[in-house]
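**Student:** Let me give you the structure first, and then I'll get to my questions.
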């Protein structure tokens with residue numbers, strides 16, 4: 001059959017061109033040629049669906065969206081690695097290896113990719129399963145999403161049966177493009193490529209994953225079915241099979257060679273097209289690995305050196321103050337621009353007056369800054385030895401920088417606030433919060449549009465959003481008929497939201513999404529919440545005294561009462577419709593979770609809120625009732641106690657994986 005022969009020829013050509021482009025980084029044909037051949041193959045397979053095979057290049061995307069990921073038990077556990085943090089610990093690790101073996105040995109040094117660990121299983125050369133690491137023993141089947149990664153061969157170059165381990169990641173360029181697209185749509189940005197990769201691979205719709213331009217590297221075998229007698233030999237064999245391996249791997253005979261490799265990539269990491277967060281060190285020979293064995297959690301023959309956060313010195317040139325939606329006044333330092341962890345930094349938050357006092361930060365000081373988690377700029381310390389005598393204390397304003405009202409510091413709080421109900425900065429930030437996806441979810445009404453409407457005096461309160469005039473909007477810059485009609489349609493649709501969205505959107509201090517849901521569920525209507533006594537609110541499981549106090553005080557204000565009445569007259573639903581998933585059916589319902597230590601990618605408070613939205617009960621102390629402890633850096637006594645009680649422990653990577661899995 002002529003068509004069958006042509007289809008097979010096209011598949012072979014396309015697979016070879018993909019290998020040259022995505023694995024070898026040496027394309028031999030232009031993109032247009034590849035696209036033309038792929039189009040021809042698609043047309044032939046459409047005409048002859050009986051000839052479609054799972055490893056065809058056309059089958060990377062297109063399966064129906066899943067309802068959930070099935071669980072997968074790894075043939076061999078995917079253990080985590082121990083850590084070393086400096087030269088002394090590296091030397092001690094090498095010495096310990098050689099003492100155990102009674103001789104010197106050869107090591108392999110590899111880049112530690114900052115992505116999501118995966119397992120890939122091939123049978124007779126064909127990809128049959130791809131899974132996440134999960135807890136190391138049980139992961140999730142994400143084969144459908146991994147198939148969309150063009151660097152991943154759907155069929156090996158030989159009919160081998162093998163399980164390999166690797167890391168799926170998002171290249172820096174793809175990450176920047178993704179965030180630029182999200183910013184243009186006024187969607188929340190991903191904090192870093194690792195989070196973006198994890199979230200992309202946990203999409204139930206593989207077409208979304210395909211649009212994210214992920215890639216991957218294979219870094220080892222699981223159950224070893226190869227003839228290789230060492231890790232470095234195995235990597236050569238995997239490359240021969242067409243799998244994407246990393247060319248920067250290096251064998252090392254001495255600790256000095258290991259240290260030189262680390263020093264080189266510490267300096268050069270920012271020049272790579274993908275993120276790395278350290279170096280993996282392994283004993284090369286498999287018989288040596290077998291002799292060294294494992295601890296309960298990790299192999300003795302391998303460890304990971306994690307890069308320290310890059311720190312740079314710069315000058316505090318000025319400090320400005322911004323006002324948030326709750327009136328909190330936040331100081332922000334502006335620096336002489338410096339490059340930190342690959343990008344230019346020119347400012348960082350100084351949090352509050354206590355932070356400034358504690359670190360004794362002054363205008364014109366030389367300060368050390370870093371990026372927390374290689375993402376968020378942060379001031380580490382002041383270089384006191386560089387002071388010249390020209391430094392000046394940072395003075396908090398006595399009056400609001402937005403409305404000139406007198407600022408206050410409430411008892412027991414570190415923050416200084418503007419309490420004026422007429423403060424324009426609070427009004428704008430409050431409206432931005434009100435229309436956000438987590439609150440009223442009004443599509444097309446992002447921060448820029450809100451500020452534009454405020455500048456035109458079209459809105460001054462939340463209620464004004466529902467009085468916007470179509471003809472007037474059409475006179476504004478970048479407001480065409482289609483965008484205006486879509487905006488007004490979205491605003492009108494938001495009137496039907498369930499009460500918990502409105503309650504969260506009001507921006508009451510300390511009332512997050514979970515508290516808003518609990519209040520709406522308990523009192524059924526906005527009037528019910530507004531008239532509730534402090535004791536009634538406090539009686540709700542999950543609502544503390546500070547939230548109860550904040551809610552009752554909010555509804556005592558005449559301005560709040562007038563707003564509620566206004567919104568009701570404009571037709572906004574103020575009843576609980578039960579539209580959100582019952583927390584009892586949430587993925588982490590019934591789980592008691594404690595967070596301890598320092599998290600690099602997000603604050604513990606943010607992590608706690610996100611876990612609560614997934615149904616977890618987040619508490620502050622470890623007990624027999626605790627199900628999971630999330631342990632960040634420098635976790636102390638809570639970690640020790642959790643280990644003694646046999647409680648499940650997540651590191652930060654596992655936390656991010658779980659959040660990405662359920663948040664999509």
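Placement of Cβ uses the backbone N, Cα and C atoms for every residue, glycine included.
Quick paste of what Swiss-Prot says about this protein:
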| type | residues | note |
| --- | --- | --- |
| ACT_SITE | 112 | active site, N6-AMP-lysine intermediate |
| BINDING | 31, 32, 33, 34, 35, 80, 81, 110, 133, 167, 282, 306 | NAD(+) binding site |
| BINDING | 400, 403, 418, 423 | Zn(2+) binding site |
| DOMAIN | 583-664 | domain 'BRCT' |
**Student:** Which whole-number value in Å describes the distance between the Cα atoms of residue 403 (Zn(2+) binding site) and residue 35 (NAD(+) binding site)?
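**Tutor:** With distance taken Cα to Cα, residue 35 (NAD(+) binding site) is 58 Å from residue 403 (Zn(2+) binding site).
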**Student:** Any idea what the Cα distance is from residue 33 (NAD(+) binding site) over to residue 400 (Zn(2+) binding site), rounded to a whole Å?
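**Tutor:** With the alpha carbons as reference points, the distance is 62 Å.
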**Student:** Enumerate same-chain residues with a sequence separation of six or more from residue 282 (NAD(+) binding site) and a Cβ-Cβ distance below 8 A; give 'none' if the list is empty.
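**Tutor:** Set apart from residue 282 (NAD(+) binding site) by at least 6 residues yet with Cβ under 8 Å, we have 107, 108, 110, 231, 289, 301, 302.
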**Student:** Can you give me the Cα-Cα distance between residue 423 (Zn(2+) binding site) and residue 133 (NAD(+) binding site) in Å, rounded to a whole number?
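**Tutor:** Counting only the Cα atoms, the answer is 49 Å.
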**Student:** My understanding is the cutoff is Cβ-Cβ under 8 Å with a sequence separation of 6 or more in the same chain; which residues meet that for residue 133 (NAD(+) binding site)?
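**Tutor:** Long-range Cβ contacts: 78, 116, 117, 118, 119, 139, 657.
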**Student:** As a quick check of your reading of DSSP, tell me how many residues in the domain 'BRCT' (583-664) are helical, how many are strand and how many are coil.
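**Tutor:** So the counts come to 34 helix, 17 strand, 31 coil.
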**Student:** What does DSSP say about residue 282 (NAD(+) binding site): helix, strand or coil?
**Tutor:** strand
**Student:** Going by DSSP, give the three-state secondary structure for residue 81 (NAD(+) binding site).
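**Tutor:** In three-state terms, residue 81 (NAD(+) binding site) counts as coil.
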**Student:** Starting from the Cβ of residue 112 (active site, N6-AMP-lysine intermediate), draw a 10 Å sphere and report how many other Cβ atoms land inside it.
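**Tutor:** I get 20 for this one.
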**Student:** Can you tell me the CA-to-CA distance separating the residue listed as 'active site, N6-AMP-lysine intermediate' and residue 81 (NAD(+) binding site), as a whole number of Å?
**Tutor:** 11
